[in-house]
Amino acid sequence: MKLTCVIVAVLFLTAWTFVTADDSGNGLENLFSKAHHEMKNPKDSKLNKRCLDGGEICGILFPSCCSGWCIVLVCA
């Protein structure tokens with residue numbers, strides 16, 4: 001009986017922590033809206049992107065920069 005009460009109390013406090021947690025950045029809301037946008041516009045999805053933008057780290061032997069230039073391990 002005591003163990004059951006402890007388990008219920010722990011579950012309640014855990015749920016209460018998640019419910020009352022302050023999400024000032026609206027992280028989940030932004031995540032879901034972004035995912036919905038990518039479903040509506042598949043061209044905007046990062047999974048379809050095959051090259052790296054300027055300023056991103058690249059490899060010397062196999063550069064995958066959109067511009068085709070990999071200078072000092074950074075896409076130009």
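Easy rule for this one: first residue shown is 1, then count along the chain.
For all residues, glycine too, the Cβ spot is worked out from N, Cα and C.
Not measured: the values here are computed from a predicted model.
Feature annotation from Swiss-Prot assigns disulfide bond to CYS51-CYS66, CYS58-CYS70, CYS65-CYS75; the stated evidence is similarity to another entry. Annotation comment: Swiss-Prot describes 1-21 as signal peptide.
Annotation note: CYS51 (disulfide bond) sits in a coil segment as assigned by DSSP. When Cβ atoms from all protein chains are considered, those within 10 Å of CYS70 (disulfide bond) total 20, not counting its own. In this structure the C-alpha atoms belonging to CYS58 (disulfide bond) and CYS75 (disulfide bond) are separated by 6 Å. Around CYS51 (disulfide bond), a 10 Å sphere centred on its CB holds 13 further CB atoms from the protein chains shown. For CYS70 (disulfide bond) paired with CYS51 (disulfide bond), the C-alpha to C-alpha distance reads 12 Å. Each residue contributes its Cα atom, and for CYS65 (disulfide bond) and CYS51 (disulfide bond) those atoms are 5 Å apart. Most other Cβ atoms within 10 A: among the disulfide-bonded residues CYS65, CYS66, that distinction falls to CYS65.
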